[in-house]
Amino acid sequence: MGSQEDDRAILEEGLLQNESNALFTGDGSVDFHGNPVLKQNTGNWKACPFILGNEGCERLAYYGISTNLVTYLTNKLHQGNVSAARNVTTWQGTCYLTPLIGAILADAYWGRYWTIAAFSTIYFIGMCTLTLSASVPALKPAECVGFMCPPASAAQYMVFFLGLYLIALGTGGIKPCVSSFGADQFDDTDPAERVKKGSFFNWFYFSINIGALISSSFLVWIQDNAGWGLGFGIPAVFMGLAIVSFFSGTKLYRFQKPGGSPITRMCQVLVASFHKRNLRVPGDSNLLYEVQDKSSAIEGSRKLEHSDELRCLDKAAVISDAELKSGDYSNPWRLCTVTQVEEFKILIRMFPIWATGIVFAAVYAQMSTLFVEQGTMLDKTIGSFRIPPASLSTFDVVSVIFWVPVYDRFIVPIAKKFTGKERGFTEIQRMGIGLFISVLCMSAAAVVEIKRLELARELDLVHKPEAVPLSILWQIPQYFLLGAAEVFTFIGQLEFFYDQSPDAMRSLCSALSLLTTALGNYLSSFILTIVTYLTTRNGQSGWIPDNLNEGHLDFFFWLLAGLSFLNLLVYTVCAKRYRPKKASQV
């Protein structure tokens, strides 16, 4: 009789638990007030329009500045081609470096929601400052008179770059958090929601490029024809709309609790493993230290399964005789859990994949620098209409907008039949395809430049800073290929660094993926500097002079194509060796 009652109690408990699992999320997410959230009322696609609207408006604001920035520096601040390109890539690099600050704050202290809110305010102030620098006559240099262009004063430079770098700081709290915050709206422990999350990243990137499309077409035209004050003011307004959109969805959001400083946890693993360097790691991983609760000791994180790689770090989870006798396992600088050790291992395993994204980012940086400068030396007229060179990036955006739904609705289902993967390709495969396309992109740019230089020689324009009669539309293939490469590589990176990162390090890992873009921009600046130094010795004009007709921009593009191919080979080796993480689903 007692046995039957016990069985009934166990059955009822199981039914209640299953019902609870169906009603509430299983990934530890909470509502705005810190309470467990009902799946039906929060998150999923119902919360995403506010996040996608925020991202679309913010990206419109960002690209409204960055797309045509090199033109503003050369035409309004009167900088040379190399200086302008270097300033743009350095600023863009900083925009992708500051996310490390926001990511650490989000993962350790504030959470993603409040980090986005705080840094959006800084971003908006920067946009307003930049608008003033282009609107107030005293804050901008005088116009050129003939070939005489007065340089900007120190005060004018200071106000302009203050606004520019406030924007860079503001992006630091938004970029690493928005995509992760959007993905947080899908329960990782629910197979149906997990598939939707993969689709979210595609549409997240789609919203980015809707904003970029408006910037590279409408806003570039406004800046070139109606004035830079208005051209910078409109993006500032949209940044305000981005903030409004974000706060509007607060009641529907799911929130992940910050898990403490990931930097501190990594340092604890290093210190503990060094302290126990003379201890032997047991052959049975079950003898390593781990808390007995279903959830891990790290707030907001699931447990991670032990891996056999990097066993030297496992020493941090070895229970010493002294700890065993005392029963005191509370000092994290002497004893770490398996999950904490595995967090560190995951970051180390991801590092080679991460590093190969740097060269791709250097290729991507050309779209807003040397592609634009190449376009200024091509025929920009179609009938009576003049095409601003920076607006050709519209075709990159159109390419992304074309490829995202094609990939999501057609390529994924077809690939799924062959690979058996729920998303068609793995993130690793997807990024590799993008790296291959980037080689084709730089090759296409080099071919266009070869043809342009041939025409310059034939028409005796080599020593004249004049555009050649070759339509700027010949640049479309390189922009279109770059857009296709983005869809595969950048979205693949978003998925990879979210899915493979530890639960309590997702903002940090998103920031690391963005850091490749920063380093790619810095790499582009570095290559520009080295190439300029080596090719301008002995009075030579160099590959990239102010008059591109005298240079060899094609050599620079071939150089990047070669680096991209070597990078693809390295990536292939790293990808074959990569082992994905294994997390508990409870």
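A Cβ is built for glycine as well, from the same backbone N, Cα and C atoms used for every other residue.
TrEMBL has this to say about the protein:
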type	residues	note
TRANSMEM	113-134	transmembrane segment
TRANSMEM	154-174	transmembrane segment
TRANSMEM	203-222	transmembrane segment
TRANSMEM	228-247	transmembrane segment
TRANSMEM	346-367	transmembrane segment
TRANSMEM	387-407	transmembrane segment
TRANSMEM	428-448	transmembrane segment
TRANSMEM	479-498	transmembrane segment
TRANSMEM	510-535	transmembrane segment
TRANSMEM	555-574	transmembrane segment
Candidates 113-134, 203-222, 346-367, 428-448, 479-498; stretch with most C-beta pairs under 8 Å toward the transmembrane segment (228-247): 113-134
Result, the transmembrane segment (428-448) in contact with the transmembrane segment (346-367) (3+ CB pairs under 8 Å): yes
Dominant neighbour of the transmembrane segment (154-174) in 113-134, 203-222, 428-448, 510-535, by Cβ pairs under 8 Å: 113-134
Whether the transmembrane segment (428-448) meets the transmembrane segment (555-574): three or more C-beta pairs under 8 angstroms: yes
